[in-house]
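A.B. asks: Could you have a look at this structure, given as structure tokens, before my questions?
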Amino acid sequence: MAELEGLEFGKSDFVLLDEVTMEQFMENLKLRFEKGRIYTYIGEVVVSVNPYRQMDIYGNDTIAAYRGRELYENPPHLYAVSDAAYKAMKRRAKDTCIVISGESGAGKTEASKYIMQYIAAITNPSQRAEVESVKNVLLKSNCVLEAFGNAKTNRNDNSSRFGKYMDINFNFNGDPTGGHINNYLLEKSRVVQQQEGERNFHSFYQLLRGGSDDMLRSFHLQSDPAVYAYTKEGATSNNDRSSHRAVMSALEVIGFSKEEINSVCQILASILLLGNVQFESDSESVQIRGLEAVGHIAELTATDPEGLGKSLLFRTVATGGGDVIEKGHTEQQACFGRDAFAKALYDRLFGWIVGRINSVIEVKDYNPVLHGKNTVIGVLDIYGFEIFENNSFEQFCINYCNEKLQQLFIEVILRQEQGEYQREGITWRHIDYFNNQIIVDLVEQPHKGIISILDEACLTVGKITDTHPHYTSRKLSPTDKTMDFQKHFLDRTFTLFGFFGFLDKNKDLLFQDFKRLMYNSSNPVLREMWPDGQLSITEVTKRPLTAATLFKNSIVALVDKLACKEPYYVRCIKPNEMKSAVLFDDARCQHQVAYLGLLENVMVRRAGFAYRQPYARVLQRYKMTCEYTWPNHLMASDRQAVEAIVNHYGFQDDVAYGHTKLFVRTPRSLFALEQERAAVIPILVLFLQKVWRGALARMRCRRMRAIYAIMGCYKRYKVKAHFWEVVRRFANVRTMADYGKSVEWPTPPATLLQFHSNTVMLHRRWWARQIVKNIPPSDMLEVRAKVAAQSTLSGERKDWGFGRAWERDYLANVRDSPQTSSGFIRASKELRNKNEYSQVLFSCFCRKVNRFNKSTDRGLLVTDKYVYKLEPRKQYKVLKRLPLDAFTGLSVTSGADQMVALHTSSEDDVLLCLQRGELCPNQDRVGELVGALVDHFTRSVLQRMVNLLTRGFVFLFALLGLWVSHE
């Protein structure tokens, strides 16, 4: 059964009807149509109702849903039967075919296009270029054949006026490698005459409405179809222009050259102009009224205008004695000859187009030994039954074709059913059905059939046999007033036919003059279309086969070709004559169901059993409904497990067991199983979701544990690897001259970034300690000052005297003036004794600038307690003394000058310019002053902190002593 469809949509398979009656069949068909379900099964046959609207059931998602699935797994669809045919072809290397039938307007052409679309979509997953090219040609050929072979009728806007059978060849991989198209009985009479409200073939209107002005001018055409006798009956369509562009593009894709496409358009133009050729007669002869059109036709067909005019007015005849004479036409004969020529031109053009497509898509140089077996899927899109008030020769041939296919359908269905019952060991019950073999015999029986009678009438004049149990006429039934004498005959099964035109259309005479004219054309395309024109009038002796005989032979060959393939059927139904998407004409549809034999098909399919499936599939679908088979059975075979399910629900009297399949007699038992399954499925889904979610959670948990374990091991490995690398690189730093300063540190993992920075800092301190250990104690004061200056001025001042030795007390070491030096030393000793300072931090000559911008030379002395301004010229007399603690800071510039500003808490700042010294004019002393002061203040702060802590500990111990003594 098809999934995902409830009973509100009706039965998805007519086999499952409670009772096989026409009323229930039509009720189910109508319900599904109204619910938008246009497809229904009869076993493996698809019944399709034309929806007359676009439906969103043919996209890529739908194709993916049906690809590789069984028929019963999804709702009925064309894609399901297409996939079944493709799988049978690919899996069993079996040639298959899809036969699409139904009356005109039932949707056969659209069905064939969807089938082709599906086959193209599921093949060639590797996108091989040569396979894609074949697929494109096969798909584009539909567009071309529709333009040249379809027309608007009163029943169908895009009616196929020819039969088409396409073989698609596949290689052993299941990819299309080529194909072949057979066409049957093009309705060429439509070229010259259409019923009221109908159109000629689409190609004419597409050329007139879609061709450019320059093209039409070169073909001597106008864009209005009403100008031409062959197209004036039909109105133009809104999509003629776009269709013309699509056809031209498709011809190029298929491989038609520009010259060939131009020749096709020229032939169409010739036919249109030919229809406007008029004749007039006097008492002796017939002439062409206006020779301008003849000249244009001769130009387009690349023939001699005089020869063309002669062929239209005369017929060349060979006498019994071998003489050749020219016989003039009457005006009526000339018109008949003109129309016959136009029909033949279009018929040959259509046949040439089909042959040209075949030359592109046919498989060439195929070697089964090298490439494997070449399998085929055939798609038959044949014209449907046509029954009008007056049915002519074309309807007779079309309906004969459908009767022939219906006979094949019945034989195949019966043979398949009987064969399956015999294989499964089930007793076959005879089914009564209408066998249309007698209708087929009525048409094609030798000597007695209608075709034989027509051929006999075309050959001779005399008494014609007209005895057959299913044939009658007004002569045989004088009381039947539905027929006129000498005008009608009746096929007692379906159709009333009119005699008018039967013999002419059957003979389908075209004078040899036209054939020779076209063969002698300088256009190679036209010449190729008329190979029989190379025979001279005296060489043409054999009478050609009649149209009916040719058609019968082609249909017999088609049936033989279909009979050797595994067939799949699509039966199309037209819901109404108004092309409405909502109207369902019960009487009209019931008539189609009757002549398509769908009810008999259901009866044959049922044959006492409505449903049959292999045991494995039955078990797979229903095992969850029985505790003995869920989740897996322990029985000896699937058949025993299926018997357990059937016995569990008490259906043992309603089934039969075949060798490999279970047969269910009534749909009631099947629906009971389906209801049980539908009730259990949600529970199973919840259970499976719970189990699967738990399994996913456990998988995620195990995965996370594994991830964390791996991450932990990896992190430990990275840490150890980092340690090992550090140890390796720094193993010999103690013996290095730079103590490892030049060694590059390895990049640490993220977890060791902080440890890395601490390690680098420790190494730097160790390195510094190793460097400091080698410095003499006498140089430590200078080193500390330089370190302090660097920490203060680094990046702020470009040059601060780092690269030279710092003397600090420059006034005591004036090398060029010993008297000045000794004078400062005396003054310094006096100040030391008087002010009790212990250390000179810095001294040098400077130039003081006051607030009035006046400068004077002075001496600067900075001690650990005071800052002195001295007068060098007066034995270093103290001009001013400030406590060192009074200074809150100092400022220097970033340039090379020696300006220093000393800031005090009283905001009485001192601005000085240090002298560089006479021996070294470029000597910078600002950095030395800054370093001395920063080092002094830093050490003073640290000393005060140590003293404070010491006093705190002394006080604490004193309190403890008092507390102990008190105790």
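Using N, Cα and C of the backbone, Cβ positions are placed for all residues, glycine too.
TrEMBL does not curate its annotations; it predicts them automatically.
Grabbed the feature section from TrEMBL, which reads as follows:
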DOMAIN    9-678  domain 'Myosin motor'
BINDING   G102, E103, S104, G105, A106, G107, K108, T109  ATP binding site
REGION    555-577  region 'Actin-binding'
DOMAIN    795-967  domain 'TH1'
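Quick one: where do these features end up spatially?
C.D. replies: As a whole-number mean, the pLDDT of the domain 'Myosin motor' (9-678) in this prediction is 81.
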A.B. asks: Most Cβ neighbours within 10 Å: which of the binding-site residues S104, T109 is it?
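C.D. replies: Of the binding-site residues S104, T109, the most buried by Cβ count within 10 Å is T109.
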A.B. asks: Using Cβ atoms and a strict cutoff of less than 8 Å, what residues sit near the region 'Actin-binding' (555-577) while being 6 or more residues removed from its termini?
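C.D. replies: Hits for the region 'Actin-binding' (555-577): 29, 33, 42, 44-50, 52, 78, 81, 84-85, 88, 94-108, 111, 115, 155, 165, 182, 184, 376, 378, 380, 384, 400-401, 404-405, 408-409, 412, 444, 583-585, 588-589, 592-593, 596, 598.
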A.B. asks: Only counting partners 6 or more residues apart, tell me which same-chain residues put their Cβ under 8 Å from the Cβ of G107 (ATP binding site).
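C.D. replies: Correct list: S48, V49, N50, P51, C572, K574.
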A.B. asks: Relative to the Cβ position of G102 (ATP binding site), how many further Cβ atoms are located within 10 Å?
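C.D. replies: A count of 25.
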A.B. asks: Across the region 'Actin-binding' (555-577), what are the DSSP residue counts per state (helix, strand, coil)?
C.D. replies: 9 helix, 8 strand, 6 coil
A.B. asks: Let me know how many other Cβ atoms fall within 10 Å of the Cβ of A106 (ATP binding site).
C.D. replies: 26
